[in-house]
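Annotation comment: Swiss-Prot describes 47, 48, 49, 50, 51, 52, 53, 54 as ATP binding site, evidence class sequence analysis. Residues or ranges marked as domain 'ABC transporter' in Swiss-Prot: 15-257. Per Swiss-Prot, the feature domain 'ABC transmembrane type-2' maps to 316-519. Taken from Swiss-Prot, the feature transmembrane segment applies to 335-355, 359-378, 412-432, 436-456, 482-502, 551-571, supported by sequence analysis.
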């Protein structure tokens with residue numbers, strides 16, 4: 001089995017300074033960290049709070065705060081990390097995690113894994129998920145409970161179940177496992193069980209397992225092969241975990257309390273202002289000096305905004321996200337609440353007809369426009385700033401392209417449902433007949449409202465995933481604007497022509513007369529006759545486009561209109577008198 005290596009070479013991380021009392025633009029969290037890790041071993045990252053252990057783990061995973069500066073290199077098997085291969089080479093589970101209230105534990109784990117590994121079969125995903133829930137984490141009995149109805153410790157285990165399921169699916173292929181405090185909030189017995197599982201997994205899968213821990217008990221500590229102890233963003237020790245106390249002894253630092261107090265001694269030693277830190281202040285300064293001498297020359301820092309964005313979505317992942325979102329919105333009644341507006345609007349029109357005895361198609365069209373504007377200002381689903389979308393996209397579970405496409409799918413389906421209810425009510429009360437079909441405008445309003453809402457939210461939050469895509473798209477549009485200006489103007493003109501001019505409103509005789517008068521007035525003779533012929537054909541083509549497009553839209557209407565199958569005359573498209581645009 002091939003051996004894998006993970007190398008950190010002078011890794012440096014500066015993040016935007018949040019300290020308002022400081023004039024420094026950046027705060028350094030990792031300072032020239034160099035370390036080598038080998039497969040088949042479990043490495044514990046330890047240190048006091050703020051020492052940089054979690055930040056180092058996140059940096060290895062590529063989770064760098066926006067606007068940060070980075071330096072150094074992170075190599076896997078001697079090569080820079082490949083973003084496309086990251087989901088299949090790395091597994092990352094963080095300390096805080098997140099929950100999705102309306103999903104069950106089983107759904108929470110399942111949708112995460114299938115989005116992360118779309119090529120895996122559903123059967124195999126469920127098999128490994130069952131093994132984790134039932135045998136490893138002991139939460140099989142709550143698998144059908146909603147996430148919001150279980151305890152904090154159970155939510156912690158549900159988050160772990162996602163990472164552990166992925167680990168089992170990629171056993172033998174996974175190169176690096178990153179876990180941020182997986183044993184926190186767990187009882188000692190389960191924590192020890194997980195420690196032993198990670199040690200065994202590293203051996204049989206030949207993976208590099210990196211785990212942050214705060215203050216483990218002696219038994220859990222003994223399950224770790226090696227230790228990286230950090231202080232103030234710097235490496236203090238990297239080597240066998242059992243030898244750390246001996247290492248400190250060689251530097252003149254001794255624990256007089258015995259082996260059973262080693263953990264308390266270590267954290268007292270590196271807590272600023274404590275009795276032990278004052279006692280061994282000079283020795284600690286000497287250790288830090290020696291470690292600084294190992295650092296390589298610091299290279300130019302890069303900004304974290306230099307990130308490529310993939311504009312091609314994974315269709316399977318997008319559909320899974322859309323399905324999950326529809327389930328969530330149905331269970332939290334968001335879909336039901338959103339139906340109130342079209343129902344109210346339809347009933348308002350019905351009331352108006354019977355009170356004022358007057359009604360026009362324009363009133364329905366105005367109501368449709370009002371509904372579309374309402375949906376733009378009151379988005380639902382994935383477009384409504386869902387926290388878990390940010391969390392999952394930050395973890396590279398999917399990209400911005402999948403977010404956009406899944407948003408389009410889920411919100412479009414729900415919007416079509418709303419419009420169907422709207423039309424169903426006014427049709428039932430006789431406000432419209434089967435000769436009035438609005439499919440073209442429904443599609444335009446639905447897609448226009450959905451896309452507009454996404455753009456508005458992207459502009460409002462430029463540092464969000466959607467915001468970055470929007471900004472990148474705008475840059476590309478400006479770069480291509482010169483080449484596309486003519487084509488865009490022509491397309492806009494054709495669209496306006498199709499939308500505004502009804503079919504048959506311009507008789508063929510008038511078109512012929514217009515062409516003849518136009519070219520006669522320009523004095524086109526002799527050498528300009530070719531121009532006259534070409535120009536006449538162009539105008540004829542423009543006048544023909546609305547008919548072609550309307551024929552295509554009629555086919556769509558026959559396929560998708562909710563009342564189509566209840567009306568016999570639609571079976572003959574040539575005889576139908578439906579007008580998709582008014």
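From the backbone N, Cα and C atoms, a Cβ is placed for every residue, glycine too.
Ranking the binding-site residues 50, 52 by how many other Cβ atoms lie within 10 angstroms of each Cβ puts 50 at the bottom.
Within 10 Å of the C-beta atom of residue 47 (ATP binding site) sit 26 other C-beta atoms, taking all shown protein chains into account. Residue 49 (ATP binding site) counts 9 other C-beta atoms within 10 Å of its own C-beta, drawing on all protein chains shown. The Cβ of residue 54 (ATP binding site) lies under 8 Å from the Cβ of 45, 95, 180, 181, 212, each of these being in the same chain and 6 or more residues away along the sequence. In sequence order, 55, 230, 231 are the same-chain residues whose CB sits within 8 A of the CB centroid of 47, 48, 49, 50, 51, 52, 53, 54, the residues recorded for ATP being left out. Taking Cβ-Cβ distances under 8 Å and a sequence separation of 6 or more, the neighbours of residue 53 (ATP binding site) in its chain are 45, 46, 47, 212, 228, 230.
Non-local neighbourhood of residue 51 (ATP binding site): 230, 231, 232, 233, 270, each in the same chain, at least six residues away, with C-beta under 8 Å from its C-beta.
In three-state terms derived from DSSP, residue 54 (ATP binding site) belongs to a helical segment.
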